[in-house]
Amino acid sequence: MEAKEKKKTGGLAGVVAGRSAICTVGTGHGLNYRGYDIYDLAKNATFEEVSYLLTKGALPTQSELEIYKKELIQARALPDALKVVLRTLPKNAHPMDIMRTGCSTLGCLEPEADNFSDQGAKITRLMGIFPSILLYWHHYHVNGKEIDTNSSQDTIGGYFLEKLHNKQPSELWIKAMHVSLILYAEHEFNASTFVARIGASTLSDIYSAITAAIGVLRGPLHGGANEAAMELISEYKSVHEATRGIYEKLENKAKIMGFGHRVYVSNDPRNIVIKEWSRKLADDVGNSTIFPISEIIEKIMWDEKKLFPNLDFYSASTYHFMGIPTAYFTPIFVMSRTAGWAAHVVEQRGDNKLIRPNSEYIGPENRAYVDIKNR
Ligand code: COA
């Protein structure tokens, strides 16, 4: 494709590929889930309310939320056969591969009904079990211990932190998890969601759609950017080092992970919220270097390239301050985005048409077949 043409249409930029009632990106404050402003949700709601909103279509009443939370807690349990798989997977595997394999394995053990009549239960099961999958594998390989899934925490974020650190998390950290999971939960036709919809459009099962979406999220141009951003920030010990280092990278035309966006043009509305949480947690844990290093990178990227941090950039330090290993950042994204993926699978199934576009052929034509001995 000509460079100019690629810029205009490459990567399906600007192409409207379907209709959806789940999310708008780029209107109002910039992001709305089913008509609710993301700022209102991040400020006032818990992640469980938002995942209910996305997957079931409306905010829950108090009693609906209580029932839903109980179902999510029940859904944390790991089948024995899945535990065997998690113990067998290598210690040095990427945690996103653990999430992908865990999802696929559960699909073998507890398949969805052919008529999808149990899709709601399968969605809740996946939302509940993902933290257990990651942390069972983690503790088995890092500490040589098998964890159980009992917990006094009744939210996904609280459960994740408690199981990771083996101690009760503070209310501040639980709130930070709610906010970050809410911000990550849904984002219209991003790459992984589009893949989940394609999966649903073939009438495949929900585990296949979500397993494929996890594989797509893993890449550093998409969800893997939060891990890559932390690796970048960790290269520097001071603002001075970061300044030198980022200018050097820009001179070498390197991509700076956690910056830029396909849809937003001047800022990512989610960044304003998560940046404040990063600042708050830096104070909470008494870290005085990482936040200023992040801010100087942000300033240089704006001054030099007019590029702004996306959600991944300050999510990285927010998670880091809570003692979460860098390789687990994108799996947390999975725990949240499953709500969005699932909402899209359900919507696609509700009015399905196979997603199958065309390509423009640009290869050679009219070639005569050459016998193998003459090639
Ligand atoms: N660092 C440095 N340069 C960047 C950049 C970044 N993070 N993001 C975009 N650019 C530059 C590109 O090099 C390109 O420059 P050029 O026109 O001189 O070739 C220009 O900005 C357009 O970028 P492009 O990658 O073509 O835009 P896109 O719409 O295809 O990409 C992203 C969007 C998100 C893939 C891109 O901004 C990126 O790779 N960001 C880093 C990864 C990331 O944070 N992903 C998470 C997204 S939420």
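Positions of Cβ are set from backbone N, Cα and C atoms, glycine also.
Database features (TrEMBL):
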- H261: active site (ACT_SITE)
- D312: active site (ACT_SITE)
Pairwise Cα distance for H261 (active site)/D312 (active site) [Å, integer]: 11
Cβ neighbour count (within 10 Å, all chains shown) around H261 (active site): 20
Reduced DSSP assignment, H261 (active site): coil
Cβ neighbours of D312 (active site) where a neighbour is any other Cβ within 10 Å: 29
